[in-house]
Amino acid sequence: MLHKLLIVVFLVVCLHDMRLNGQKKKETLLSEKVSQMMEWVSKRAVVRLNGEKFKRLVRAHPRNYSVIVMFTALQPQRQCGVCRQADEEYQILANSWRYSSAFTNRIFFAMVDFDEGSDVFQMLNMNSAPTFINFPAKGKPKRADTYELQVRGFAAEQLARWVADRTDVHIRVIRPPNYAGPLMLGLLLAFIGSLAYLRRNNLEFLFNKNVWAFSALCFVLIMTSGQMWNHIRGPPYAHKNPNTGQVSYIHGSSQAQFVAETHIVLLFNAAVTIGMVLLHEAATSGLDIVKRKIMCVAGIGLVVLFFSWLLSVFRAKYHGYPYSFLFG
């Protein structure tokens, strides 16, 4: 009986020691991973990962830190202009966190380039870039851990809000100073001042209703085309399918848009406006009948053609919209 009791005690002690050794080994491994990440971050805010580093530092356990990973294709032969723009915003976000007083090892920013880690793209069944995914400290990434690039855009401020939602880490985005805006404003004011000085004896153009009407019309066209949304969200200019190479200029969702789409809508609205002006002039001007007929036909053509295209764009974004004109 005593012999059996000693065997049981011996087994319990051995299992306890094995558990302690396993725990110590786990803690040592975790400490090494965190130290490695901190060392890399001290040199560069965004850690570049290949397949082996991604598996060891992001996928493998133990891990008590979250990793935001941007999957991209920055090599020139990939011809991904959006990737370069997204990378600039991502670098701004990562540097804002790196040099923040609240910086900790709770979260790291990393990047996997297709040409350096194509096996990672295959592992995750990923066929588009850029893509942002949050790998949480515990558990696997959920659907909300994949950033909705087409909806939110890739502005650093939008990425920071998403990071705060997924990790509860709030980052104040600090952009490097950009002197282009103040410089352009200064040049514009100098131009206006010079023009006013040169024509100081004849300032009737400031009271010309056509000048103010044209200026107001340009402002309305710019605002109704979605330029302010672009300024806030920072969407890509267009989207190129990496598999087919086809470029999309119109976003298929009513919740987002491309910059090119804004230019297209602005052009269509401007053409419809010109058509309406021609129709008005054809009916009220004192020109001869032939010129008025030409203006009338041109105005009708512009309104019908471009309003039809405008409706087709609307139908492409709002699926199920029942109305169309010339184009289905």
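Easy rule for this one: first residue shown is 1, then count along the chain.
Glycine too: its Cβ is placed from the backbone N, Cα and C atoms.
Since we're looking at a predicted model, the values are computed, not measured.
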- line: Of the candidates Cys14, Cys83, the one Swiss-Prot records in a disulfide with Cys80 is Cys83
Message: Confirm whether, per Swiss-Prot, Leu326 lies on the same side of the membrane as Arg199.
response: no
- line: Taking every residue in the topological domain 'Extracellular' (315-328), the average pLDDT works out to 77
- prompt: For Cys80 (disulfide bond), what is the tally of other C-beta atoms lying within 10 angstroms of its C-beta?
  reply: 21
Message: Highest Cβ count within 10 Å among the recorded positions Asn64, Cys83: which residue is it?
response: Cys83
Message: Do any residues, 6 or more residues outside the transmembrane segment (203-223), come within under 8 Å Cβ-to-Cβ of it, and if so which ones?
response: 196, 266, 269-270, 273
Query: Cys83 (disulfide bond) to Asn64 (N-linked glycosylation site): how many Å between their Cα atoms?
result: 29
Intrachain residues whose Cβ lies under 8 Å of the transmembrane segment (258-278), provided they are six or more past its termini: 217, 221-222, 224-227, 229-230, 235-239, 248-251, 295-296, 298-303, 305-307, 309-310, 313
- line: Spacing of the two Cα atoms, Asn64 (N-linked glycosylation site) and Cys80 (disulfide bond), in whole angstrom, works out to 34
